[in-house]
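Copied over from TrEMBL:
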- 6-110: domain 'Neurotransmitter-gated ion-channel ligand-binding' (DOMAIN)
- 110-134: transmembrane segment (TRANSMEM)
- 117-201: domain 'Neurotransmitter-gated ion-channel transmembrane' (DOMAIN)
- 175-197: transmembrane segment (TRANSMEM)
- 235-299: domain 'Neurotransmitter-gated ion-channel transmembrane' (DOMAIN)
- 285-302: transmembrane segment (TRANSMEM)
Amino acid sequence: MTNVFTCVMRPSKTINMSRLTVRAECPMHLEDFPMDAHACPLKFGSYAYTRAEVVYEWTREPARSVVVAEDGSRLNQYDLLGQTVDSGIVQSSTGEYVVMTTHFHLKRKIGYFVIQTYLPCIMTVILSQVSFWLNRESVPARTVFGVTTVLTMTTLSISARNSLPKVAYATAMDWFIAVCYAFVFSALIEFATVNYFTKRGYAWDGKSVVPEKPKKVKDPLIKKNNTYAAATASYTPNIARGDPGLATIAKSATIEPKEVKPETKPPEPKKTFNSVSKIDRLSRIAFPLLFGIFNLVYWATYLNREPQLKAPTPHQ
């Protein structure tokens, strides 16, 4: 859309003013996305007249040459930090042309991405670490925790990537999602390791229970209240005196109570059951600590970094 205003001040001076609505593109480097900043150039110059015919100059100082209205500088995803001006000469086959350039310095607002991506990723990692506090025998519950959190991180990663241009390098958000995915997947591997050693060791914590002493078993003819007198007294039949052979039989016929000891194998130490694994105890401390250190380093690095804006280089 073009609006032209022409004013003839005197015979030798004419003022020609134009209002243009321009839809321009801005080349961006998204390595620091969404904490990135950009210097978006807007170039304009003469298409038909060379430098010998038309020369463009800024009439005011660089700080006042471009004025941005307060109401017109509000953007949903960016903050306008300022603008700079520049001029240069472009060489072509038809001659030299004067090109004027204005750089608009923009910094992306991070609030939307914190709510949409960062907080869900952090909550998913914390949820995956809740499984460390469950008993290792709770296989269904811990399996659901692990698989659900892995699928959630996959969905968040895909949705975050779809909102970006198709770039061939990893952004700051990609690195954060990748580390969160590694924590979630490691929690699932940790449960698989705990479950494997639980079944392999039958949940033995190394402590043994002292076996009870086997009870002595007496002859079945013996009862507590001496009900059968034959079991407690010797039996001597009436044998004729003087017969040594019968006397021998009488001695051998004497019945005496004997204790019968059953054959028992040496008892194996009983294994006591322990529902908390040493790996779980270690993971309860190591995983949150490492994730907290990662967040501290990540946010301190990107939030305290100065915007990487390319300053315009004036051309002579």
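The backbone N, Cα and C atoms fix where each Cβ goes, and this holds for glycine too.
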Mind checking which residues of the chain, 6+ beyond the ends of the transmembrane segment (110-134), have their Cβ under 8 Å from one of its Cβ atoms?
34-35, 77, 141-142, 145-146, 149, 152-153, 156, 159-160, 173, 176-177, 180, 183-184, 187-188, 190-191, 280, 283-284, 287-288, 291, 295
Pull the DSSP breakdown for the domain 'Neurotransmitter-gated ion-channel ligand-binding' (6-110) and write it out as helix, strand, coil residue counts.
7 helix, 51 strand, 47 coil
